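Q: Sharing a structure here in structure tokens format.
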Amino acid sequence: MIYAGILAGGTGTRMGISNLPKQFLELGDRPILIHTIEKFVLEPSIEKIVVGVHGDWVSHAEDLVDKYLPLYKERIIITKGGADRNTSIKKIIEAIDAYRPLTPEDIVVTHDSVRPFITLRMIQDNIQLAQNHDAVDTVVEAVDTIVESTNGQFITDIPNRAHLYQGQTPQTFRCKDFMDLYGSLSDEEKEILTDACKIFVIKGKDVALAKGEYSNLKITTVTDLKIAKSMIEKD
């Protein structure tokens, strides 16, 4: 089975324009989270869309699904997320297992709730690549020169941009593989390895690159929200 896991566990309101976490802010005529879920609803191979939300916001998320996506609510599960990204993925996979016991072939397409401009092509590419690889990471080529500084004051290295990519989401992998690899980490490793695909890389697994889009914006600042609103208006 193919599942989607939407990471919507953040509670930050640092934009300073609302008491709502950013995934619940309005973008056009509906919340950012709803825009994101809608993209996954369009992919018929996805059995269930599991949304990991902070415990304080579960009922709010359920109300939004009832209001904006009543025809698809049977395909959507709202569950309590974890304290960080990887524990939220773990909670999402546990919710999948509760819905239907996991098999070794079950795949989850994980995605940031605040990336509402994901395309159907990106979702399908992730699913296709995950059939033949241990994991998939969605990326775009780095367009800016990236500099490295070990002390925050002086440049210590300028890597070759031709070899660099900017990570986005989705990140896709088999549910059981993630649970096994995450479970094998020490507490210290869990603190350091906050990116799911990095766990696969560190453990020597095959992580394929899926082509992202520069429009696959992650809305984390007021400027991001302004850009996103402009993109919605143009559409």
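Backbone N, Cα and C atoms are what each Cβ position is placed from, and that goes for glycine too.
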Q: Need one residue: from Ser45, Ser59, Ser113, the one Swiss-Prot lists with Leu7, Ala8, Gly9, Gly10, Gly82, Ala83, Asp84, Arg85, Asn86, Thr87, Ser88 for CTP.
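A: Matched candidate out of Ser45, Ser59, Ser113, per Swiss-Prot for CTP with Leu7, Ala8, Gly9, Gly10, Gly82, Ala83, Asp84, Arg85, Asn86, Thr87, Ser88: Ser113.
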Q: For the recorded sites Lys22, Arg161, Lys218, work out the Cβ neighbour count at 10 Å and name the residue with the minimum.
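A: Selected from the recorded sites Lys22, Arg161, Lys218 on minimum Cβ neighbours within 10 Å: Arg161.
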Q: For Gly9 (CTP binding site), write down the residues of its own chain that are at least 6 apart in sequence and whose Cβ falls under 8 Å from its Cβ; none is a fine answer.
A: Gly52, Val53, His54, Gly81, Gly82, Ser88
Q: Work through the binding-site residues one by one (Leu7, Asp84, Asn86) and name whichever has its CA nearest to the CA of Lys218 (site 'Positions ribitol 5-phosphate for the nucleophilic attack').
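A: Considering only the listed binding-site residues, the nearest one is Leu7.
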